[in-house]
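What follows is one structure encoded as structure tokens, with my remarks underneath.
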Amino acid sequence: MLKDEYGRVVTNLRIAVTKKCNLRCFYCHKEGESNPGEEISAERIVEIARAFKELGVRKLKITGGEPLLRKDLPDIILNLPEFEEISMTTNGILLEKYAEELRECGLSRVNVSLDTLDAEKYRWITGGGEVQKVVNGIEKACEVGLTPVKINMLVLGGVNDNEVDELLEFTNSFNRGNTKAILQVIELVPFPGFEKYFFDISTIEEKYARMATQRRVRAMHRRTQYFTPKGVIEFVKPMDNTAFCMHCNRMRVTSDGKLKPCLLRNETITIDGKHGEELARAIIETVRKREPYFKG
């Protein structure tokens, strides 16, 4: 079991398999990477994943950049050890093309970033992306069983803060008898230069909390899922949130193969050249030293 000095058990691993992306979203935090080096190899991804699995990690999430830009991604997924869940975060542009193959290789489900259904607004946010490709990708993911699809909507003040109802209606259109899609509403981390887009999503959450017919509190950051007549919706508030940090159960691996204990900190731990027991010891020690960014 991987546990830090605050009693937080690491059960989830996020591996950024590439720094490359086919969109240019103006707010992107690049998984906390500032100057990534050489891209991690497929063999090293599998080796690190196996080390974490042997130390008790149960779930793996593949991130980027845009993971679908790696041509060897199907082989990577095929060679991963067996986790309770292997999921992937994607912008969805290439998802329609690869969804079925990735499902056959062992991918469990996907998170798809979609901040708006408005074509012009989407093009502006993403630096030229086509929203219909994302919609097609979500439809394909639901069709082949990469479910539940979580649609990640980052709320941007003055841009899309009035579009939650529309995105939830779109999300719920896939739920015919069972939950195939969930809307995940995310509060912006106001990194320098983006403060003007920050929007406190508490008021939106209060609205859906009032109409919820059922609630489920997830272990991940103690987040609440609301089951409403309009669909299933969840809220992610990372800023100034001690509960978010005190229930953090994840570790990150950067696209150049370093350990990153916290998204909001610049610290990375080099594990180059470490294998077997030496790699395991490095992981254990890195986890042990983790600290919450926001403390009570």
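Any Cβ shown, glycine's included, is placed from N, Cα and C.
Remember, it's a predicted structure, so these values are computed and weren't measured experimentally.
The feature domain 'Radical SAM core' is assigned by Swiss-Prot to 5-230, with sequence analysis given as support.
Cβ contacts within 10 Å of Arg14 (GTP binding site), excluding its own Cβ and spanning all protein chains shown: 19. Taken from Swiss-Prot, the feature GTP binding site covers Arg14, Lys61, Thr89, Lys150, Arg250, Met251, Arg252, and the record attributes it to sequence analysis.
Sequence annotations record features per position, and here Swiss-Prot assigns [4Fe-4S] cluster 1 binding site to Cys21, Cys25, Cys28 based on sequence analysis. Of all Cβ atoms in the protein chains displayed, 16 besides its own lie within 10 Å of the Cβ of Cys28 ([4Fe-4S] cluster 1 binding site).
There are 16 other Cβ atoms within 10 Å of the Cβ belonging to Tyr27 (S-adenosyl-L-methionine binding site). Here Swiss-Prot flags Tyr27, Gly65, Ser113 as S-adenosyl-L-methionine binding site, drawing on sequence analysis.
What Swiss-Prot lists as [4Fe-4S] cluster 2 binding site is Cys245, Cys248, Cys262, and the listing cites sequence analysis. Neighbours of Cys245 ([4Fe-4S] cluster 2 binding site), defined as other CB atoms within 10 A of its CB across all chains, total 21.
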Are there any residues at least 6 positions away along the chain from Cys21 ([4Fe-4S] cluster 1 binding site) with a Cβ closer than 8 Å to its Cβ? List them or say none. Cys28, Gly64, Gly65, Glu66, Leu69, Asn91
Near-site residues: [4Fe-4S] cluster 1, ref Cys21, Cys25, Cys28, CB cutoff 8 A to centroid: Leu23, Arg24, Tyr27, Lys30, Asn91, Thr126, Gly127
Between Arg250 (GTP binding site) and Cys262 ([4Fe-4S] cluster 2 binding site), find the distance joining the two CA atoms and give it rounded to the nearest Å. 9
Does DSSP give Cys245 ([4Fe-4S] cluster 2 binding site) helix, strand or coil? helix
Measure from the CA atom of Cys262 ([4Fe-4S] cluster 2 binding site) to the CA atom of Arg252 (GTP binding site) and give the result in Å, rounded to a whole number. 8
